[in-house]
Amino acid sequence: MLVRRSRVAVAFVLACAFYLFHRALSSGSGPMGSGFAIPRDTRIQYPFREKGINARDAKKAEAVKEVMKRTWKLYKEKAWGFDEIKPVSGKYRNSRNGWGATIIDSMTTTAIMGLTDAFADQYDWVVNRVDFNKAEGLVDPFETTIRYLGALVSTVDLLEAGIISPPSPSFRRNILKQAKTLADNLGPGFDTPTGMIWPRINFTEARGMDMYGRRHQHAIVHLARAGSHWLEYSTLSHLTGDKTYLDNSTKAWDCLVSNKRGVPWPGILESPRSIWTGLPVGTTRTLGAPDDSHYEYLIKAHLLAPKSSTNNYARRWYQAMTSAQKHLSSAAKSQTNPHTFLLSYSKDRYENNMGHLTCFIGGNILLGAKYLSQSSLFSFGEALIEGCHHSYASMPSKIGPESWSWMPRESHLRPPHFPGPVTLSQREMYEKTGIWATATNYNLRPEVVESYFYGWRITGEEKYRRWAWEAFEAIVKATETEWGYSEVDDVTRVRKEGNLRDTSESFWSAETLKYLYLIFEDPELCSLDEWVFNTEAHPLKRRL
Ligand SMILES: *[C@@H]1O[C@H](CO)[C@@H](O)[C@H](O)[C@H]1NC(C)=O
Ligand SMILES: *[C@@H]1O[C@H](CO)[C@@H](O)[C@H](O)[C@H]1NC(C)=O
């Protein structure tokens, strides 16, 4: 009996191996190596309901919503129609071409939180007031696409999913009309030999420009800018039936995604690139800014539209993350700090410095590794989130700094001696926590709570909610002002006086508060099995 059973088991294992081998081949594994196959119907979110877990914490969700209401009320009172409020002085400023960035970028947050009065104001602004044919200053297609266009197409998706009730019967048509106007005005940006996008556009001239408004053949673009329009453009094409957006966006990203030149670390590209040739003109290899969302969007493109995006995006993502695990992962040497961080690399040297912006990556790795059933990658993602949590827990304010350093344990890296802490306070912090801040400000950024959101929704582990609540309380305490919430200068100080920057970018309400709210709300709201978040936290409906 026993013998027979084990024979059956052996036959079964062989059959499985045979099947997986063929599936890997048929999905074109090529340089991927073994173990990569695109699954058909993986559940991404933890099955809270099946496990009988009531995963909604109404009190904490309500507390986050109150902060959003206060943010909105004060913005409306003091800065209506301008891009941002200045939260210390109660003045305002335009930083995003004067189209009312805070109004439009936070539409999907008010929709998700059910703040219907605020949403009605926003709708009126988009449909009746804003003029996307005129721009104050040069237009940055990257920021415009992720904030403005992302918000508009996401709003239509949220409407169609029944998350917002339409303020008027012509709601869908009116929003899409504005989205199209904006995207059409960005169109000249794609006018390059490679199709890669110019870093700026002059709307008056309807021409692509470099960052300083000049037009020449040496213009460069960083990886994030080159591809972080695919989710938004693909959705706009889907909603309007006009394929031009998807085609332009696919072409603009293609010379990176299907880069045929050999690279030393598969999937990881050197940056920046020439928009004229698509070739690298710099030598930086990093998953952090300004290349970050190139990597973020590779897996998200596949998740958004698995049928129309080809498997190439997911494959590139898997290559890049596997390479990062091999070449950029670094364990800290200190006893007080057993954590994992990400190096970057440039000109044959590693840099032992990591930014708050890079902390999106832990969550992004959990998302892709869960979907592709890659358990080693998954653990790597968890470790990176732990490291980012350590950057928060180490600071006296309990908020992580804009960037920090550690001493790498790996001995084979160049340079053989990494720069250590310099100032007295850096040395003290290093003694205590194993890291030291290299830029001490906090800009109301979302990336750390964003990764907690993925951690919670995918693993169901309570620690992520606990960390999110600790971050929320610390952030409100340090940043609250008379007129809103402000960037802070120095997270290593607890005293508030003289520590505020009088700046509050639109991602505070678009991203930071949205991710915090969704962590405490019912996990079925914007479930990761149905939605993909763009890099500004605007949810787009997956087209499965
Ligand atoms: C855009 O081009 C127009 C016409 O050439 C020029 O007057 C204007 O200064 C440019 N705008 C910016 C922000 O450079
Ligand atoms: C598409 O790209 C072409 C350049 O190849 C550009 O002229 C056109 O305006 C773009 N259209 C849109 C909608 O992006």
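Positions of Cβ are set from backbone N, Cα and C atoms, glycine also.
Given the structure is predicted, the values throughout are model-derived calculations rather than measurements.
TrEMBL annotations:
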type	residues	note
ACT_SITE	Glu143	active site, proton donor
ACT_SITE	Asp292	active site
ACT_SITE	Glu402	active site, proton donor
ACT_SITE	Glu447	active site
BINDING	Thr535	Ca(2+) binding site
DISULFID	Cys359-Cys388	disulfide bond
SIGNAL	1-26	signal peptide
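Here the features listed in TrEMBL are placed on the structure.
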| residue | record | DSSP (3 states) |
| --- | --- | --- |
| Glu143 | active site, proton donor | helix |
| Asp292 | active site | helix |
| Cys359 | disulfide bond | helix |
| Cys388 | disulfide bond | helix |
| Glu402 | active site, proton donor | coil |
| Glu447 | active site | helix |
| Thr535 | Ca(2+) binding site | coil |
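Taking all protein chains in view, 26 other C-beta atoms sit within 10 angstroms of the C-beta of Thr535 (Ca(2+) binding site).
Comparing CA positions across the recorded positions Glu143, Cys359, Cys388, Glu402, Thr535, the one lying closest to Glu447 (active site) turns out to be Cys359. A separation of roughly 10 Å, to the nearest angstrom, links the Cα atoms of Cys359 (disulfide bond) and Glu402 (active site, proton donor).
For the pair formed by Cys388 (disulfide bond) and Glu402 (active site, proton donor), distance between Cα atoms is given as 11 Å, rounded to the nearest Å.
Recorded residues Glu402 (active site, proton donor) and Thr535 (Ca(2+) binding site) have their alpha carbons 18 Å apart, per Cα-Cα distance. Annotated pair Asp292 (active site) and Glu143 (active site, proton donor), C-alpha to C-alpha distance, rounded: 14 Å.
Every protein chain considered, the tally of other Cβ atoms within 10 Å of the Cβ of Cys388 (disulfide bond) stands at 30. Glu402 (active site, proton donor) counts 17 other C-beta atoms within 10 Å of its own C-beta, drawing on all protein chains shown. Rounded to a whole value, the Cα-Cα separation of Glu143 (active site, proton donor) and Thr535 (Ca(2+) binding site) is 10 Å. Ranking the active-site residues Glu143, Asp292, Glu447 by the number of CB atoms within 10 A of their own CB puts Glu447 at the top.
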